[in-house]
Amino acid sequence: MSCPEHIVQLMHKYLDGDILPEDETRLKEHLQSCEGCKKHLHEMEKSIALVQSTSHLTAPANFTANVLANLPKEKRTASINRWLKAHPFLVAAALFAILMGGSFFSSWKNDHDFSVSSQPNLVVKNNTVIVPEGEVVKGDVTVKNGKLIIEGKVDGDVTIVNGEKYTASAGQVTGQIHEINEVFDWIWYKIKSTGKSVFGVKESKE
C-alpha cells in the first residue's frame, strides 16, 4: 500500500470514531478508487473485531500458581546466597564463633606453660599453688597446667585449666569452681571470659 500519509491518518480516525464528516467523505471517495487502501482498512477492522471478541476471556483461577509451579526450581546455591544476604548479623556471629573457636583450640594445643594469677598471698612451689591456712585470697584464682591446694579461703572463683585441685577440710571457696581438662571446656571457658571482659557480664552463682 502506497497511499498518502494523510489517508492513513484518516483511516485511524475513522476506526477510533473521531473522524469529521467531511474527512469521512474524503476517505470513502478515496477507498472507492484505491483497492489497496480498502483492503488495508478491512484488515484493521477485522483485527479490532477479534480483539473486542476476546475481551471477556479471563485466565483460570489457578493459572498463575500452575505457571510458577512449572518454572525451573531455584538452585540451592542461589537460595543459600539469598538467605545469607537476608541474615548478615547471624552470618557475622557464626564467622566470629568459628574464628574464635579455632584460635582457642590452637592456644589449648600449644599452651603447656604453668601460670597462676598474681595474688600476693598465694604460695607457689614448682607447679603447685597453695592457699595457706588462715589466709584469705581476694579475687579470682586461675591456675594453668599445675596443681592448686586450698587450705585457706578464696574470696572469688577458682579456675583450674589442665591441672588438679585439692581442698583441705578447712579450705573454702566463695565463688564457683571450674575444672577445665577438655578442649571443648577450654573453648567455652575462653568464650565466656571474652564475653565478660568485653560486655562486663557476670556469671550467676549456682
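The backbone N, Cα and C atoms fix where each Cβ goes, and this holds for glycine too.
Swiss-Prot lists 1-87 with the feature topological domain 'Cytoplasmic'.
What Swiss-Prot records for His30, Cys34, Cys37 is Zn(2+) binding site, and it gives similarity to another entry as the kind of evidence.
Feature annotation from Swiss-Prot assigns transmembrane segment to 88-108; the stated evidence is sequence analysis.
Taken from Swiss-Prot, the feature topological domain 'Extracellular' applies to 109-206. Here the topological domain 'Extracellular' (109-206) returns a mean pLDDT of 78 for the predicted model.
In the shown protein chains, 21 other C-beta atoms lie within 10 A of the C-beta of Cys37 (Zn(2+) binding site).
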